[in-house]
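Since the structure comes first, as structure tokens, the remarks are kept for the end.
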């Protein structure tokens, strides 16, 4: 790709279509998002050698995941995505085929979620980087927030905990060979599935709070509970994905502890009142992990748990 | 700055405050922007060694300009900014003083424009990079778009054309010495002034279309006119900033041609009907540069002008 015009043309080829919530699309100083409903917005980075490596991420994987991690934030609000903007940092070493695969994969995920690309920016850069801002709308029930639970509430997750970390560690250790040994884990890292439909169902089911688990449950749970509350968790090894158990045993750590520290799960963490849990419990994948306690702090299977989770700067 | 938590704390110190258009601020999976009014949105990158160099950009300059270029897109819609999100790429070589100056300067510009930081993402990176998405609302007159002019309309600019390019070239050639030789030009490059108030006045004055001149007038004018129309410009050398004239003469090029190719002006380019131009002409800085013609193509001072402007990938 030699010029900005060629890039914009390729983007137009892949990202077509209109959306009721986009009154003015790409090509002006700004896009215009239609008023009338509150919009939720989130921004996430997806950077070469920080969030992905070319060694085991294909162009299609990168295009997919850069958008998927953003969609996951919308899902965690119990909302539906409608549009996104993309700032793209473009190194000179990627060929036309790469970009075609990248945009094709990203645009397929966009279409599946009925959202359009509303704008963005292009720049040359040393390494590939994607910064996406995404916009969503809630149903009649509003948005599901963090720090909106009370003593006695049931805590639950939907989606595998620790599986993406298993995939990442296996890929880092053995490269693409990991695809055969731990296929579910590798897929969880390369192609996390945003749970938009699940989030919408949970919202309609009267769930009180919901959160995207992206830095590991151990680190994200206190953020979900807020400073005043704690949690008492019961997590049996057998509830974990078998890839997590296998890998944790290989490196000789406790599978539950490993799972709690796993970053990039893009699982959902939620709280529901024990008196109104019926509907939520029937949502596919609902896994009860414990209850909210009066005092701050985390107990797992009867023991105090203090190890911090993933830190973006130090891990 | 050693951890993500320390960064978030510093950000909270500098970016305080609430906004009527932000129903839920930082700290959740998403922020929530209040519905009721259409929102305009724009995203821009500001990257080390592409958009700025540490050699002649202070931390305060970087923090300021990263946000200012985004505010300029809102101004060009005739709108007012209300909030922004920031994805920050953080290299390890910048100290606490740098970050304090960076956030202080950025937050001052945010306060001056009555907007709040609604969310974002932090990541380590090799080089400093800032990706900002910004949100604005229009007055009762709606948003000012591109490609909304007709044959015979008056074309005008507000803000110096070519001045920022003069500053950039002088800084690249002579470093910070350029500050003394060409102070206005250096300031135009380091600290471009977003014209929010001017945009609002032009909107109220019945201007038909408005655009942010960021890639040079020669390149941006066809984008503004659309494929069906052209422009006949009359630009006298004496209307240019004296720094532009001085510098162009030094490097032995025609000052008008140099000015037309200047990127990063963050001037406004607009069109107004000749029958309704009275109010617009009274807006401070209004400079008539020509008229819209029936046929595509650009004529400057009676001669056809074909040199393309700035291309992000090749210049």
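Placement of Cβ uses the backbone N, Cα and C atoms for every residue, glycine included.
Per TrEMBL, the features are:
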- B:27-137: domain 'PurM-like N-terminal' (DOMAIN)
- B:29, B:42, B:73: Mg(2+) 4 binding site (BINDING)
- B:29, B:73, B:212: Mg(2+) 3 binding site (BINDING)
- B:43, B:44, B:121: Mg(2+) 1 binding site (BINDING)
- B:44, B:73: Mg(2+) 2 binding site (BINDING)
- B:51, B:264, B:310: substrate binding site (BINDING)
- B:120, B:121, B:146, B:214: ATP binding site (BINDING)
- B:152-301: domain 'PurM-like C-terminal' (DOMAIN)
- B:215: Mg(2+) 5 binding site (BINDING)
- Sites among the binding-site residues B:73, B:214, B:215, B:264 close to chain A [C-beta, under 8 Å]: B:73
- 10 Å Cα neighbourhood of residue B:44 (Mg(2+) 1 binding site): matching binding-site residues from B:73, B:212, B:264: B:73
- Sorry to bug you, but what's the C-alpha spacing from residue B:120 (ATP binding site) to residue B:29 (Mg(2+) 4 binding site), rounded to the closest Å? 10
- Note on the structure: One should report the C-alpha separation between residue B:43 (Mg(2+) 1 binding site) and residue B:51 (substrate binding site), rounded to whole angstrom, as 15
- Query: For the domain 'PurM-like C-terminal' (B:152-301), what's the model's average pLDDT?
  - Reply: 95
- Query: Among the binding-site residues B:42, B:51, B:121, which ones place their C-alpha within 10 angstroms of the C-alpha of residue B:214 (ATP binding site)?
  - Reply: none
- Consider the binding-site residues B:51, B:73, B:212, B:215 and say which one has the Cα lying nearest the Cα of residue B:146 (ATP binding site). B:212
- Message: Just to be sure I understand the packing, how many Cβ atoms besides its own are within 10 Å of the Cβ of residue B:146 (ATP binding site)?
- Response: 22
- Task: Do me a favour and check the Cα-Cα span between residue B:121 (Mg(2+) 1 binding site) and residue B:42 (Mg(2+) 4 binding site); whole Å is fine.
- Result: 17
